[in-house]
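**Student:** Below you'll find the structure I mean.
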Amino acid sequence: MILKVSSKLGNDSVSFFTSPSGLCAGGEEKGPPVRAEGAEAVPLPGGAAASPSPAPGRAVPPPRRSRRCSDLIARRRRCGAGPCPRMWAELLAVPLRAGLRLLLRRHGGGGGTMRLQAPQFQALFTPGLRSVAELFEKKNYELRIAGGAVRDLLSGVTPQDIDFATTATPAEMKEMFTAAGVRLINNKGEKHGTITARLHEQNFEITTLRIDVVTDGRHAEVEFTTDWHKDAERRDLTVNSMFLGLDGTLYDFFNGYEDLINKKIRFVGKAAERIQEDYLRILRYFRFYGRIAEKPGDHEPNTLQAIKENAKGLAGISGERIWVELKKILLGNHVNHLVQLMYELDIAQYIGLPLDGNLEEFARVSKNIQNLSPKPMTVLTSLFKGKDDVTNLDLRLKISKEEKNLGLFLIKHRQELTKGPGPEPLRPYQDFLMDSREANTNSKIFELLKYQGEEQLLKEMQEWTVPSFPVSGHDLRKMGVSSGKEIGTALQQLRDEWKKSGYHMDKEELLSCLKKL
């Protein structure tokens, strides 16, 4: 049975649903799903489909509420109150039955309002979030999940970071949390409307709804609002502009869910306006294209035109911010297409990439390396023709010392250090590692093998245990070698013999070899 428990939360209808396997919010009822004729399934990212909505004029038979649902609602009504976020959190805290699917249900009115039920959503309702929801509900402040976390939940992914949006101002939140004895941390975001509260060993970053008053392409002066549509309007991409109520209601003002299903990346409103508010959004467009789009080349012409006309604005963006986005692009899908596009749209020159980048080598390496979990610098170095390109990148983007050293290492050794002939193709890499005195040589060789597309050799090298040279100066003194210079020379000779043996000779064999030397 598909169970629908409806009541009111503010002005919104709240519903919970089950899959054919049982009740979502905890109950004992099971049975075949009730379907209305002419119902239309709601597609989900990944090919799944949610339960259909009743066709116009056709009603689903009145459902039986689970005892848990009825008891909670009855308790609220006896107190003269309707269901609240805390109540829904209690319901959602019940473990889902095996086989429960991600469910989205269309509701009439509300501009395409949907409601989400998924294990990933249920898992968010920790004791900390329940406490936060209760505080906001008592003050009648609206609280919703915002941005990327909504996108991830709709994709069936558990979000790593969760941002919340609210109608409460920073001052109102501070007063509310302080009165409740809640610890506030990281007050740097307050001028932008963000308050971070810590409850039950968990941080909650909550931002007041905002509109941009003044923008300069890098930063914005904001004004607080209670209008959810206006806040969504200032966000970069449609898939990042959605909100999710704690009751599971999806608030989608710019068809972000439809774009997510169709794997389309679009700016909210006019692309040029969004880009000019923050030119870094050009790279964010590429980053999310590589994350969500199904195939390369599926761009809207007016979007590419807006990017090309505003590419120069990236010159004013800090290198650190650019590098954060560029690294994610390099590890995403369609990286060869996206980097080629950066050159076609005149972006490369403003973000530290060489004007004459080796696009042919980049295409080859990016194809061979995609399943080997490379570091971003490993992928990017294939675009460089020489060490100067690494130096210029560092000057523009302020990359780390480790990243710079890796780039220089790859450029120096990508052609001279290659697999050996015959039955020991790994020997050149092993010998280089044993002779090297540089730090992190092991990890650099791993990245070199990825760059070269040597998947099997990479696996063997990762499994190889670096042996320890078995002879010491003390062993030589016991054999009568007393001079420090002679000891050093003898140790080097023995090390060479040890290398020739493939690092298999033991101490006795090496010391007996010393007598011959």
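Backbone N, Cα and C define each Cβ position, glycine as well.
According to TrEMBL, the record shows the following:
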- 8-21: compositional bias 'Polar residues' (COMPBIAS)
- 41-52: compositional bias 'Low complexity' (COMPBIAS)
- 53-63: compositional bias 'Pro residues' (COMPBIAS)
- 143-266: domain 'Poly A polymerase head' (DOMAIN)
- 300-351: domain 'tRNA nucleotidyltransferase/poly(A) polymerase RNA and SrmB- binding' (DOMAIN)
- 1-67: region 'Disordered' (REGION)
**Student:** Give the mean pLDDT for the domain 'Poly A polymerase head' (143-266) on the 0 to 100 scale.
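**Tutor:** Averaging the confidence scores along the domain 'Poly A polymerase head' (143-266) gives 92.
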**Student:** When secondary structure is assigned with DSSP, how many helix, strand and coil residues does the domain 'Poly A polymerase head' (143-266) contain?
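**Tutor:** Counts, helix then strand then coil: 38 helix, 43 strand, 43 coil.
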**Student:** Mind checking how the domain 'tRNA nucleotidyltransferase/poly(A) polymerase RNA and SrmB- binding' (300-351) divides into helix, strand and coil residues in DSSP?
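**Tutor:** The breakdown for the domain 'tRNA nucleotidyltransferase/poly(A) polymerase RNA and SrmB- binding' (300-351) reads 41 helix, 0 strand, 11 coil.
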